[in-house]
Amino acid sequence: MEKNYHQIILRTQAIFILTLSIAVLAVFALVHLLNLFPQNTPVNIDLFMSDFRPAVIPEPVERNTFLILVTLLPIVALFLAKYQEYFDKVINQHLFSYVIPLLIAFLLFYPLLDSDFLQLIIFNKKFFMQKQSTILLVSLGLSVLWCLRIRNQPPVESSSRVKIATWIIFSVAMLIQLFSWRVTNINSVTNSGEWVVHADAALYGLSQVLAGKTLLADLPTQYGLYPELIAPIFKFVGAGLLNVTLFFAVLQIISLMGLFYVLSKLVKNPTLLTLGGLSLLLVTFDSIIHFTGWHDRYFQYWPIRFFWPALSVLAFYYFCRNKTYLRAALVSLVSAIGIFWNTDTGLFIFLAFPAFLIAQLCVLCLKSNANRTGYVKQYLGTIGLHVIIAIAVIGFLLGMMWYKAQQPLNLEWQFAYQKLFYTMGFAMLPLPRQIHPWMSVLAIYLLGIILTLTLWFKRAEESIRAEIILYLCLLGVGIFVYYEGRSHVNNLVNVCWPAILVITITADSVLKGVQERRLPFAQIALPVVAVSFLLICSVKFAAQIPRMTRDLFHQYSSRNTSNCVSIPDELAFIKKHAHSKRECLILAQRQGIYHLETGLGSPLKGPGLAEIILESDRNNLISLVEEGKFDCIFLGIGFSSPMYIPFDIKKVDKLYDTVAENSWHTMRYLTRKPQG
């Protein structure tokens with residue numbers, strides 16, 4: 001057994017327990033202190049539409065507590081890792097070396113028990129949902145048997161045939177997942193919320209950019225400026241829901257393949273690699289939600305918020321292979337485009353990379369007095385380059401938008417929705433206060449950060465595996481902010497993918513250490529719980545493959561059959577009466593989808609229907625309609641009428657002529673009456 005490596009692992013685990021204890025105490029202290037100094041300026045809920053005011057739930061204490069802790073705990077971990085030798089008196093006790101890995105495994109695994117997170121993963125027949133504990137114990141038992149079986153087998157390099165097999169399994173599973181439901185056309189659209197609210201909000205901005213509008217000049221953007229980047233593609237290949245979902249499918253393939261490539265380079269055990277890959281597929285692109293029967297493609301996260309963070313992991317791996325300024329610039333370029341594309345997650349690529357560099361610089365400077373000046377120049381130069389690239393790229397892209405719009409951009413619009421949601425508390429939900437899997441996710445990130453720091457202080461050679469773990473943990477903490485704001489279990493699934501990668505990589509590394517006798521048998525506890533969870537996820541995904549395969553063939557065979565016959569009728573009605581018009585106001589559910597399919601621009605300057613949250617935006621729209629400011633309107637009626645937008649029909653009838661009504665009586669075409 002390699003004593004030095006075992007000692008580093010035990011120190012890591014001891015520091016983790018101490019830091020976790022500090023974190024728990026700090027939470028109570030910070031909550032108490034922050035409550036003593038409440039927020040001075042209360043949220044003015046009158047700014048929001050009356051229908052939405054009950055959903056305004058500010059979380060200033062929780063938010064500030066979280067932000068303070070995620071800033072300070074890595075600093076505490078750095079300090080403790082520097083003085084890790086002081087833990088040797090404790091870890092050298094024979095009992096401690098057995099107890100601590102078991103304790104950490106228990107702390108990470110226990111929050112899953114009887115949790116809504118696990119229930120969502122295993123969602124199936126009532127019998128299975130009521131037997132969570134049994135399922136956990138069975139998976140734990142199988143994991144123990146597997147880990148014990150390979151414990152006495154020396155680690156061997158997988159043959160090329162095995163490597164190809166793992167890639168085939170992952171690729172086929174991914175393609176089945178993709179084409180069974182995520183690629184679609186207008187015939188799949190229904191009256192349900194996934195289209196009326198989620199898809200419409202994600203697609204409206206793109207539809208308007210394709211119609212010649214400019215974001216931040218003609219309309220705000222809730223999900224980033226990505227339409228400005230991808231619109232030229234659809235101007236060339238043609239717009240429409242089918243082409244957009246095909247493009248999103250390409251992004252899905254690139255991002256998932258990139259992550260699996262990095263995983264395949266770091267995880268040597270083919271079984272563990274396969275489990276990690278299938279688990280990644282389960283927690284991404286709303287697969288879990290789809291398996292429950294709710295077919296929400298949620299484009300605003302998959303792939304909009306996911307693509308660039310996933311790609312950054314691949315770029316960062318490329319950088320770690322050979323740390324040059326050129327490769328660092330590639331990571332910086334990805335972060336810059338990511339911020340422009342979607343600030344919600346792109347910002348954390350931008351922050352994670354310099355955080356990694358600062359951590360490594362601190363370790364190098366604290367380890368040795370030699371060449372400190374050289375390290376500082378090198379690392380600060382890389383960070384400076386990172387900032388310059390971000391400013392240059394974002395500035396150039398905003399400049400192009402300004403030139404295109406021929407007017408100054410309203411930059412306040414860029415952050416308007418972040419202010420409404422995260423700062424003011426619209427649609428926010430507090431973190432669960434009971435023992436919950438979100439605690440396991442953050443604990444995994446904390447453990448990964450500490451592991452890398454302790455290794456850096458005691459090992460001269462660089463480990464790409466440790467560096468990737470640190471980057472994933474830093475990125476994961478940033479992405480976790482999305483869940484911290486709106487703490488719904490679905491969002492925990494959305495943000496946990498970096499943790500899946502971390503536990504897969506770490507489990508493989510520890511198992512290899514046990515096989516090579518560099519680590520004692522007790523350390524197998526952590527891989528056991530990791531494999532147990534990955535097994536549950538993988539079995540769940542694999543069990544759904546027959547269903548997804550049937551859905552794939554059904555999706556193709558029914559591609560020309562509409563799920564809701566009134567929708568193609570409304571679309572044909574709009575196309576018939578729009579003629580050669582470039583602009584016409586569509587006031588109906590699925591507004592963004594109809595604009596996308598018809599190519600019509602909107603004469604309204606402001607947010608689309610699905611993005612109207614403020615009372616002022618609603619009143620502005622109503623007043624413009626009731627004052628006769630629009631030449632033509634396609635007005636949804638009945639179950640296609642716009643939600644939360646009440647019009648005075650008498651005023652509308654006085655100012656507009658009803659030219660036609662569609663055959664399903666769900667839409668009217670109105671034109672403004674002649675003046676005078």
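Heads up, the Cβ atoms here are built off N, Cα and C, so glycines get one too.
Automatic, uncurated: that is what TrEMBL annotation is.
Copied over from TrEMBL, here are the features:
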- 95-113: transmembrane segment (TRANSMEM)
- 133-150: transmembrane segment (TRANSMEM)
- 162-181: transmembrane segment (TRANSMEM)
- 233-260: transmembrane segment (TRANSMEM)
- 272-293: transmembrane segment (TRANSMEM)
- 299-318: transmembrane segment (TRANSMEM)
- 325-341: transmembrane segment (TRANSMEM)
- 347-366: transmembrane segment (TRANSMEM)
- 378-403: transmembrane segment (TRANSMEM)
- 438-457: transmembrane segment (TRANSMEM)
- 463-483: transmembrane segment (TRANSMEM)
- 521-543: transmembrane segment (TRANSMEM)
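Within its own chain, the transmembrane segment (299-318) is flanked in space by residues 182, 198-199, 201-203, 222-224, 226, 248, 251-252, 254-256, 258-259, 261-262, 265, 284-286, 327, 330-331, 334-335, 337-338, 341-342, 344-346, 348-349, 352-353, 356, 464, 467-468, 471-472, 475, 479, 482, 494, 497, 501, which lie at least six positions past its ends and keep a Cβ under 8 Å from the stretch. If you look at the transmembrane segment (378-403), the same-chain residues 6 or more away from its ends with a CB under 8 A from one of its CBs are 214-217, 225, 228-229, 325, 328-329, 331-333, 335-337, 339-340, 350, 353-354, 357-358, 360-361, 364, 409. Taking residue pairs at least 6 apart in sequence, the transmembrane segment (521-543) and the transmembrane segment (463-483) share fewer than three C-beta contacts under 8 angstroms.
With pairs at least 6 apart in sequence, the transmembrane segment (233-260) and the transmembrane segment (162-181) have 3 or more Cβ pairs within the 8 Å limit; the two touch.
Counted over residue pairs 6 or more apart, the CB atoms of the transmembrane segment (95-113) and the transmembrane segment (438-457) come under 8 Å in at least three pairs, which marks the two as touching. Outside the transmembrane segment (325-341), and at least 6 residues removed from its termini, the chain residues within Cβ reach (under 8 Å) are 224-226, 229, 304, 307-309, 311-312, 315-316, 318-319, 347, 349-350, 353, 381-382, 385-386, 389-390, 392-394, 397-398. Among 233-260, 347-366, 521-543, 521-543 has the largest number of CB pairs under 8 A with the transmembrane segment (133-150).
Within the chain carrying the transmembrane segment (272-293), a Cβ under 8 angstroms from the stretch's Cβ atoms is held by residues 120-121, 123, 166, 169-170, 173-174, 177-178, 181-182, 252, 256, 259-260, 263-264, 301-303, 306, 490, 493-494, 496-497, 500-501, 504, 507-508, 511, 531, 533-535, 537-538, 540-542, 544, all 6 or more beyond its ends. A Cβ distance under 8 Å defines the sequence-distant neighbours of the transmembrane segment (347-366), meaning residues of its chain 6+ beyond its ends; these are 74, 78, 81-82, 308-309, 312, 316, 328, 331-332, 334-336, 338-339, 372, 375-376, 379-380, 382-383, 386-387, 390, 452-453, 456-457, 467, 470-471, 474-475, 477-479, 481.
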